[in-house]
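Annotated features in Swiss-Prot:
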TRANSMEM  44-64  transmembrane segment
TRANSMEM  69-89  transmembrane segment
TRANSMEM  113-135  transmembrane segment
TRANSMEM  171-191  transmembrane segment
TRANSMEM  210-230  transmembrane segment
Amino acid sequence: MLGTGDPNLHSSCILSRKKGRQGHHIMKHEQIGSQMTEFSWKDIINALALANMILGLFSIFCSFSRKSYCASWMLLISFLLDIAIGTMTKHLNIPHKLGLELNDFAIFTTFGLASALLLGVDGPLNGFLAIIYVLTTSFRMCFYSTGGATSGYKGLPCPYASCVLASTCLLTKGNTFILCCMASLMILFMIDQSCYPHDEILDSDNWKKIVYIGGVILLFFSPFPLTAFYCLTWSLSYIFSPETLWGRGVRIKP
């Protein structure tokens, strides 16, 4: 007859259905939570990239107002901020097209346009060199975006070249001749296709983290000449000793 059967079997079926529904809800809840966490990290990275671009725009305005001191200070802050953005993006492994485009535009604005304006546009030679610097920055960014380099950068990264110019501007009080010489040297390093290691300072050796934290502390709590000398030494050590100093101890993720 219908409706007859083992009651234990019926109850076990009900329990299995309940467990299945609970498991489905738990999996769905965990999936939503992971998506929200990933979305929040994307927002943080995008906000930092936007802040980087705003600093670059302020640096441009300061250069037009002939306040190279403030313009250089903005670029040094952007240099430290860019390292944090790059480390977070690589460490979290968050592919985000809009975020990448925003960060690329921020890099071009800050470390391309704003850095080139430190040279000044008063004379034809300065203006021509500033244009060459911007074009070199664009070429280097396009080459890296399409080159597919995984073990490191090809050509000197733009933030380090910008850090050298900003530090030199602070130490020389905006000496145009010295800045033009340094900019010419940075252009050669950027178009040279030598390999430079990824600057995952915050995900590497402890001494590299100390170098980064020291830069942050000096930038906000010490006189500018000392900060500029510190950042200049940091950048030049990366330029001239990329593998011996900065290429060791980087954690290779599986």
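Just so you know, the numbers here start at 1 and follow the chain as drawn.
Cβ atoms here come from the backbone N, Cα and C positions, even for glycine.
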Study note, to complete from the structure: Spatial neighbours of the transmembrane segment (69-89) not adjacent in sequence (6+ beyond its ends, CB under 8 Å) are 41, 44-45, 48-49, 51-52, 55-56, 58-60, 62-63, 99, 103, 107, 110-111, 114-115, 117-118, 159-160, 162-163, 165-167, 169-170, 174, 198-203, 212, 215-216, 219, 224, 227-228, 231
Review point. Where else in the chain does the transmembrane segment (44-64) make close Cβ contacts, counting only residues six or more beyond its ends and a cut-off under 8 Å?
Key: 70-72, 74-75, 77-78, 81-82, 84-85, 88-89, 92, 94, 96, 98-99, 102-103, 105-107, 109-111, 113-114, 117-118, 120
